[in-house]
Every structure is written in C-alpha cells, then in structure tokens.
Amino acid sequence: MELDIVELSRLQFAMTAMYHFLFVPLTLGLSVIVAIMETVYVMTNRPIWRQMTKFWATLFGINFVLGVATGITMEFQFGMNWSYYSHYVGDIFGAPLAIEGLMAFFLEATFVGLMFFGWDKMSKVAHCVVTWLVAIGSNFSALWILIANGWMQNPVGAEFNPMSMRMEMTSFFDVMFNHVAQAKFVHTVSAGYVTASVFVLGVSAWYLIKGRHEALARRSIAVAASFGLAGALSVVVLGDESGYSATHTQKMKLAAIEGMWETEEAPAPFNLIGVPDMEERETKYAVKIPVAMGLLGTRSLTEEMSGINDLVIESEKRIRNGLIAYDALMDIRAAKGDATPEMTARFEDHSDDLGFAFLLKRYVEDPRQATEDQIAMAAEDTVPGVPQLFWAFRIMVGLGFMFIGVMLFFFIRANFYRMSFPRWSLWAAVFAIPTPWIAAEAGWFVAEFGRQPWTVDGVLPTALSVSHLSVTQVALTLAGFVTFYSILFVIEMGLMVKYIRKGPFMDVPETDAWTKRHEGRLSGRDFTQPAE
Amino acid sequence: MILHEFLDFEVLRVIWWLLLGVLLIGFALTDGFDLGVGALLPFVARTDVERRVAINTIGPVWEGNQVWFILGGGAIFAAWPPLYAVSFSGFYLAMFLILAALILRPVGFKYRSKRQSETWRAAWDWALFVGGFVPALVFGVAVGNVLQGVPFRLTEDLLSIYEGSFFGLLNPYALLAGVVSVSMLVMHGAAWLVLKTEGLVADRARTFGAYAALATIATYALAGLWLAAGIDGYALVGEVVTDGPSNPLMSEVAKGGSWMAAYSERPWILIAPIMGFGGAALAYLGFKARKEGWTMIASKLAITGIIASVGLTMFPFILPSSIEPTSSLTVWDSSSSHLTLFVMLVSAVIFVPLILAYTAWVYKVLWGKVTAKDVMENSDSVY
C-alpha cells in the first residue's frame with residue numbers, strides 16, 4: 001500500500017495518541033484511589049493504610065511519568081504534523097489546551113514531587129491535601145483536553161473569518177459547556193476509574209492467590225470494588241449520553257456504529273450483532289432488537305433516525321451549498337478588503353457548509369471546477385469505515401457491561417461475604433487486568449475514526465489539515481516513535497512487574513507490628529473461606 | 001460577549017507578546033537549571049551516590065518545572081496560532097529531537113534508581129545528559145535561526161511551506177546561539193547544584209559554573225557583535241495596522257536593515273543586554289566568592305536579560321521569513337482573535353499568581369541541601 005503524507009500523519013497521530021492513552025486512564029483513576037487510601041489513613045491513623053498509599057503511589061509514579069512524557073508529544077504534534085489544522089482552528093482549539101496547562105497540569109505536576117518526596121517534610125493532613133491536589137489536577141486535565149476534543153466532534157461557538165482565513169471563537173461559554181465535551185469528560189474519567197480499579201483488583205487478587213500481603217490486598221480490593229462499581233455504572237450511563245448527543249451532532253458516526261444503511265421507521269431497531277459490508281451497503285446476518293435503537297438514540301418512539309445512504313445524499317447537498325460559500329470567499333479575497341455587501345451576504349448564508357466544499361480538494365485544486373462524479377465521490381467520502389466502527393463499539397460496550405458484573409461481584413463478596421473470594425474469581429481478576437485498556441482504546445477508536453473524513457466535524461477535512469512535509473520526514477519520525485516508544489514500553493512493563501513482585505516495602509516499622517497485632521483475628525484461615 | 005472590547009486588540013496583542021516572554025523566561029529559570037544539571041551530571045558527579053545526590057536536588061521539582069515548557073507550547077498554540085503552525089512544522093526534525101530528549105529525561109529521573117544494575121544506571125545517566133544537553137542546545141539554535149529569518153512562505157490559504165532543511169538549521173550563527181544557550185543553562189544548573197549540595201559535587205559545580213559564566217559573557221558578546229555586523233534585520237514598511245485581522249500577508253516587510261536599529265529607536269531596551277552581561281558577571285563573582293544565594297539570583301538575572309534582549313530587539317517581529325519577507329509573522333498579524341486573547345488573559349490573570357504561589361510554597365517545603373546521607377537513608381523512596 002502506498003502511503004501518502006495524510007495517511008502517514010494519521011498513523012503517527014493514532015499511534016502516539018493511543019500509546020499516550022495507555023497511561024492516562026490509570027493515572028486518572030489511581031490518583032484518586034491513592035488519595036482515598038491516604039484519607040482513610042489520616043482519618044483512622046492505621047499504618048496499614050499508609051503502607052497501601054505508598055505502595056500504590058509507587059506504581060502510580062511508574063505509570064504517571066510515561067503519561068506525562070508522552071503527553072508532550074501530543075501537545076507538539078498538532079503544530080508539527082497538522083500545521084494547517086493548527087492555523088485553521090488554533091484560535092479555538094488552542095485555548096483549552098493552554099488553560100489545561102494553567103489550571104490543571106501545573107497543579108498536578110508541581111505537587112506530584114511533594115507527594116513522593118514530602119512525607120517527612122509536612123504534616124499528615126498537609127500531605128493528604130497534596131495527594132488530593134495531584135488527583136484533582138489530573139482530572140481537571142482531562143476536562144480541558146476533552147473540551148478541546150469535544151469541539152472537534154461538535155464545533156460550537158465559532159465562525160469562519162474570511163480576512164484571516166480561519167475559524168475564530170465567537171463564544172467561549174459555548175465551547176466550554178459544549179454538551180458533547182461534558183458527556184465525554186465524565187465518560188472518560190469514569191473509564192479511568194474503572195481501569196485503575198481493575199488494575200488494583202487484579203494485582204491484589206494475585207497477592208491473595210500467592211498468599212502475600214493479605215492485609216494490604218484485602219483492603220485494596222474493598223476500595224477498588226466500591227470505586228470501580230461506581231465508575232463502571234457511570235461509564236455506561238455517560239456512554240449512553242454520548243450516544244444520545246451524537247444522534248443530533250454526528251449522525252453519520254452513529255449510523256456507522258450501528259451499521260444502519262437505510263433510514264428505519266421510528267422507533268428503529270438495534271443491530272445487536274451482524275456483518276456490515278461496505279461493498280453491498282448492508283449489514284448481513286443482523287440480529288435486531290426491535291425499538292432499542294430508537295429509544296437509545298432519540299429517547300422517543302417517534303423520532304426518525306437517518307441511515308447512511310440518506311446521510312450521503314444530505315452530504316451532497318451540503319457540498320453544493322459549500323461551493324457557493326467557497327465561490328463567495330474567493331470573490332471576497334480577490335476584492336482585497338473591498339468586498340461588496342452582496343459577496344459577504346452570499347458567503348454568510350452558506351458559510352456553515354464551507355467545510356464540505358473543502359472535501360473536493362482531494363480531487364481537484366479548485367473545488368469550483370469539480371465534476372459531478374467528483375462531487376459524488378466526495379459525498380461518499382463522508383462515510384467512515386463501517387465494519388471497524390461497528391466492531392470496536394461492540395467490544396467497548398461488551399467490556400463495559402462486564403466491568404459492572406466484575407465490580408458488583410467483588411463488591412458483594414467484600415461487603416457481605418466477609419472478604420472471601422473464590423479462587424477462580426481471583427484468577428479471573430488477574431486475567432481481567434488488560435481488559436479496561438482494550439475498552440478504552442476501542443472507545444477512542446470509535447470517537448476518532450468515526451469522525452473521519454474530518455478533523456473538525458463538518459469544518460475541516462483531515463486531508464487538508466496536514467503540514468507541508470515530505471513523506472521521508474514523517475516516515476522518519478514515525479519509525480523513531482515506534483522504536484523509542486517500544487523500548488520505553490518494555491522498560492515500563494519490566495519495572496511495573498518488578499515492583500508488583502517486590503510488593504510494599506516495610507518502610508514503617510509500626511506497620512509490621514500493627515499488622516501482626518490485627519491479623520491475629522484473621523490468621524489461621526484460608527482466604528477462600530469465609531471467616532470463622 | 002462584549003466584555004473583551006474593554007481591552008483594545010492592540011493592547012491585548014502586546015500583553016500576550018509580553019506573556020510569551022514571561023513563559024519562555026519562566027521556563028528557562030525553572031526547567032533551565034534542570035537541563036543544566038542534566039548536562040553537568042557526568043562531570044560534577046562521578047560516583048553513584050554523587051549522581052543520586054545531584055539528581056535528587058531536582059527530583060521533586062523537575063516535573064512542575066517542565067510544565068513551563070508545555071504551557072509555553074500551549075500558550076503559543078492558543079495566543080499565536082500562526083507561530084505555532086509555522087515553527088513547529090518548519091523545525092520538524094529539530095522538534096522531534098527535542099521531544100525525544102524531553103521524553104527521555106522524565107523517564108530517566110524516575111527509572112534510573114529503580115534497579116541496582118550498573119549498566120542500567122549508566123545508561124540512564126547518559127540519557128539524562130542527552131535530555132539536558134540536547135534541548136539546551138536546540139533551543140539556542142532555534143533562536144539563532146529566528147534572528148536570521150526562517151525560510152518559509154505562506155500560501156494565500158495561509159498554508160505554511162518550509163523550504164529549508166534540517167541541516168540548514170545548523171548554520172554557524174545558529175550554533176553560536178546554541179552555545180550561548182548551553183553556557184547560560186549550565187551556569188544556571190551549576191548555581192543550583194552549589195545551592196543544593198555540599199562537598200565534592202558542590203566544589204566541582206562551582207568550578208564549572210564559573211567557567212560557564214565566563215563562556216556566557218564571551219559567546220553572548222560575540223553573538224551580539226555578529227548580529228550587528230553580519231545579519232540582516234527586518235522592518236515593517238508603510239502604514240502599520242496594529243488591530244487588523246491576523247493575516248500575515250496583509251503587511252509589507254523589508255529585509256536588509258539592521259536589528260540594532262531597535263536600540264536607537266527604543267534606547268531603554270539596552271537594559272536587557274546590560275542585565276545579561278551584568279548578571280553573568282555577578283554570577284561569576286558569586287561562584288568565586290561562595291555566595292550561593294547571590295549566585296542563583298545573578299544567574300536568573302542573566303538569563304532574563306539574555307532572553308528578553310532577543311525579543312525586545314526583534315519587536316514587533318516574532319518569526320521573520322527569509323525567503324518571502326511579506327510572510328513574516330509579527331505581533332500585529334499573527335495572534336489569536338480579540339476574544340480568544342481576552343479569554344486567555346483572564347485565565348492567566350487567575351492562574352499565574354496561583355501557580356507562582358504554590359510553586360513558591362513547594363520550594364519552601366523542600367528548602368535545604370540534599371546530602372549523601374539523605375540519599376542513603378531513603379534509598380528506596382528517592383530517585
């Protein structure tokens with residue numbers, strides 16, 4: 001396959017973003033779990049909770065540093081590989097990124113050092129506050145990044161300025177309170193909470209299987225199961241909210257996820273499973289649940305949902321509209337500051353569809369010269385890869401429900417069965433460790449691949465967003481990232497495993513004494529059996 | 001929103017130009033000593049314990065310091081989108097080098113002492129050296145290129161086309177600027193080590209620091225003379241619109257004058273180079289006289305002066321184009337919109353004082369020297 005600069009840049013962005021997101025969800029969740037543990041320590045004064053805090057914080061640190069390091073790549077890559085995008089929407093997109101730095105990242109990064117090194121330098125309460133500030137900083141970070149990303153999915157509060165040839169902000173309020181962004185934020189941090197909970201659960205389960213650090217492991221499971229249950233419920237509910245908002249903002253993405261080619265009569269059925277076929281334009285062997293899609297997507301029984309084929313027709317209309325805007329824009333530009341009111345009016349009437357005219361740039365230098373065939377091809381381009389979305393979505397949702405089940409099970413065993421966990425369930429928890437990462441990556445894939453062919457939905461096509469670079473340059477950095485990131489991944493995993501195997505270090509002498517004293521009542525029994 | 005109209009577009013642009021300077025200087029003052037310590041690591045610290053002492057002086061603070069850099073990137077994106085788009089894509093491979101070095105560095109801090117193996121630690125020491133030295137050099141090289149003008153042009157759609165090559169960046173003047181940057185940050189790193197360590201590490205840092213201060217003075221003077229004698233400046237031609245739309249192609253630019261003309265137009269900006277030279281000279285004396293606190297302050301003064309002198313000399317230019325001067329980016333034509341600049345200013349006014357306050361508090365909590373004893377006693381928990 002011949003890769004052009006757009007494909008290579010996309011590949012590099014996808015790779016570095018997905019790699020970055022291996023570390024982010026664990027940071028989001030584990031920061032809160034560690035803060036919860038430390039709060040319990042401050043409140044109860046039991047050394048075991050201090051030991052737990054320090055142990056999980058060590059693993060947090062190994063993960064956190066790579067999240068931070070690979071985040072730098074994200075912040076720079078827009079300018080490096082997507083320079084036209086940066087020019088075109090930087091006026092809106094840059095602001096949340098900068099505010100993220102000001103409000104959130106500074107907070108988390110400044111205090112994370114104290115969190116690790118400040119134990120003996122301040123009071124217990126002060127240290128606990130520091131740990132919470134790290135957690136709050138991480139989570140606020142996610143808020144602003146998702147406001148930026150939400151704007152790419154649903155570009156509100158902005159309009160095109162013909163004088164500066166770019167989108168400019170008209171309402172910061174609209175950008176900030178973009179409902180797509182808000183739903184995404186809660187969905188994403190909840191996913192982080194689930195990830196960290198599954199991680200803590202799995203590692204603790206492994207300790208129980210090996211009969212090590214039982215005091216630490218049991219308590220960690222109790223925290224992880226409660227926190228994880230709340231997170232798993234929230235992730236599914238807010239995922240549904242994201243789907244609902246897509247009904248109105250990204251119809252094409254939703255139709256593709258659903259493999260719904262024709263507009264169905266309301267209320268539409270839901271394709272539980274099936275084999276979408278891009279060539280034949282149908283979803284074969286579909287198992288349909290009547291009414292479900294209409295209910296989920298529109299929360300009504302009467303609202304219709306458009307299928308892919310009708311949406312393509314809609315796109316074609318918008319391309320023709322966009323051509324009028326493009327023509328007016330060229331007139332305004334040729335007039336060099338002396339645009340007539342007629343030109344401006346013609347432009348403003350159609351400027352919402354300007355981006356659709358840009359879709360033609362892939363085929364012809366001047367979109368106004370496009371043939372009917374080219375317009376039809378550009379309209380067809382607005383359909384993202386249906387089978388990929390269809391399956392990635394189902395993997396994510398399936399795992400989402402699985403997390404609810406797992407967390408509920410451990411929550412019940414921890415609270416009502418005196419912390420007794422059947423051996424099979426402990427093994428299951430260990431093997432479940434990678435699953436939240438699979439779900440999270442699948443989720444991002446649905447969000448971003450489903451946005452294609454746009455970088456900013458309906459505003460700027462991906463093919464136009466790239467920098468003017470040579471294939472060699474991008475291929476070189478791509479190879480560099482692959483090599484460099486692979487090495488770092490091996491090192492990170494090696495250290496994670498080493499520190500998990502090593503277990504908590506007995507840094508506090510009283511922890512040992514305390515554990516011996518209190519484990520008296522727990523000793524002499526098998527953890528797979530209920531107490532007494 | 002009408003609120004933003006209370007501040008003129010022109011005023012906001014100047015404020016954001018100043019804030020860009022504040023961020024770059026903030027980065028150089030904080031993360032700068034981290035880079036300097038990294039670059040000095042193999043020379044001032046020879047044994048494992050010495051190295052751990054040096055690393056642990058910056059251990060708890062490098063992460064916060066580095067945010068100045070990331071925020072710098074974010075603020076350029078938000079307030080100066082054309083600058084972000086043109087420079088980051090133009091300096092593509094150089095940016096990749098910086099990225100690689102800056103990724104290596106945090107990982108190095110965190111992972112170095114997590115295994116006992118000597119090869120492991122030696123490899124990370126090397127990574128920390130590269131992570132300190134390379135960015136320090138590349139930042140200077142970038143500034144050296146900006147002063148000469150960068151070979152890019154903008155199409156009518158404002159797509160940036162860069163005509164230079166990676167090796168074109170490594171021209172003699174840019175390399176000289178790179179040496180200024182390395183000397184200055186090594187001086188700063190040494191000042192930090194003298195402040196935070198004792199014994200052999202501090203002694204060696206003192207020696208290196210004094211040399212670095214001298215090197216800073218010499219190379220900075222050389223770069224200034226060269227700039228005056230051999231490098232074309234840029235100037236806006238015709239009527240200057242300061243509150244027009246952000247479209248660099250709308251203003252006329254002439255290449256060929258001297259950057260030094262700025263000093264006859266605005267003589268007060270001489271204060272910047274004076275601070276640069278004076279600060280470095282005081283730092284030299286400070287190293288010699290063993291006045292740790294004063295050395296640090298003098299070093300900060302020098303860095304502030306040197307960076308400010310570049311910005312003040314070029315004003316209103318931010319990124320001149322050597323091949324098509326009309327495409328040059330200036331303060332008046334490459335900012336964000338009026339509203340965005342205002343929103344960003346409000347968030348900066350709220351958060352920057354907060355950031356400064358809690359950063360100061362963290363440094364206060366961590367006040368005091370890091371000793372070999374500290375490192376040995378907390379071997380499991382420190383870097």
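Cβ coordinates come from backbone N, Cα and C, glycine included.
Annotations in TrEMBL come from automatic prediction, not curation.
What TrEMBL records for B:15-41 (among others) is transmembrane segment. Packing against the transmembrane segment (B:15-41) from elsewhere in the chain are residues 7, 51, 54-55, 57-58, 61-62, 64-66, 68-69, 71-72, 75-76, 79-80, 105, 125, 128-129, 131-133, 135-136, 182, 184-193, 205, 208, 300, 303-304, 307-308, 311, 315-316, 318, 331, 335-336, 341, 344-345, 348, 359: each is 6 or more residues past its ends and has a CB under 8 Å from a CB in it.
Positions annotated as transmembrane segment by TrEMBL: B:53-77 (among others). Sequence-distant neighbours of the transmembrane segment (B:53-77) (same chain, 6+ residues past either end, Cβ-Cβ under 8 Å): 19-20, 23-24, 26-27, 30-31, 33-34, 37, 40-41, 44-45, 83-84, 87, 102, 105-106, 109, 112-113, 128, 192-193, 196-197, 201, 344, 359, 362-363, 366, 370-372, 374-375, 382-383.
Annotation source TrEMBL lists transmembrane segment at B:83-105 (among others).
Among residues of the same chain six or more beyond the transmembrane segment (B:126-150), those with a C-beta under 8 A of the stretch's C-beta atoms are 32, 34-42, 55, 86-87, 90-91, 94, 97-98, 101-102, 104-105, 107-109, 112, 162, 164, 169-171, 173-182, 185-186, 189, 223, 227, 231-232, 234, 255, 259, 310, 314, 319-322, 325, 328. The transmembrane segment annotation in TrEMBL covers B:126-150 (among others).
Same-chain residues lying 6+ beyond the ends of the transmembrane segment (B:170-195) with a Cβ under 8 Å from its Cβ atoms: 28-29, 32-40, 44, 54, 57-58, 132-133, 136-145, 147-148, 201-202, 205-206, 208-209, 212-213, 215-216, 219-220, 222-223, 226, 230-231, 280, 283, 286-287, 292-293, 295-296, 298-300, 302-303, 306, 369. Sequence annotations record features per position, and here TrEMBL assigns transmembrane segment to B:170-195 (among others).
As annotated by TrEMBL, transmembrane segment applies to B:207-229 (among others).
Under the heading transmembrane segment, TrEMBL lists B:268-287 (among others). Here the transmembrane segment (B:268-287) has Cβ contacts under 8 Å with residues 184, 187, 190-191, 194, 206, 209-210, 213-214, 216-217, 220-221, 224, 262, 294-295, 298-306, 308-309, 312-313 of the same chain, all six or more residues outside its ends.
The transmembrane segment annotation in TrEMBL covers B:299-319 (among others). Here the transmembrane segment (B:299-319) has long-range neighbours at 17, 20-21, 24-25, 28-29, 32, 80, 83, 86-87, 143, 146-147, 150, 180, 184-185, 187-188, 191, 213, 216, 220, 227, 234, 236, 259-260, 262-263, 266, 269, 271-280, 282-283, 286, 328-332, 334, meaning same-chain residues at least 6 beyond its ends whose C-beta is under 8 angstroms from one of its own.
Annotation source TrEMBL lists transmembrane segment at B:339-363 (among others).
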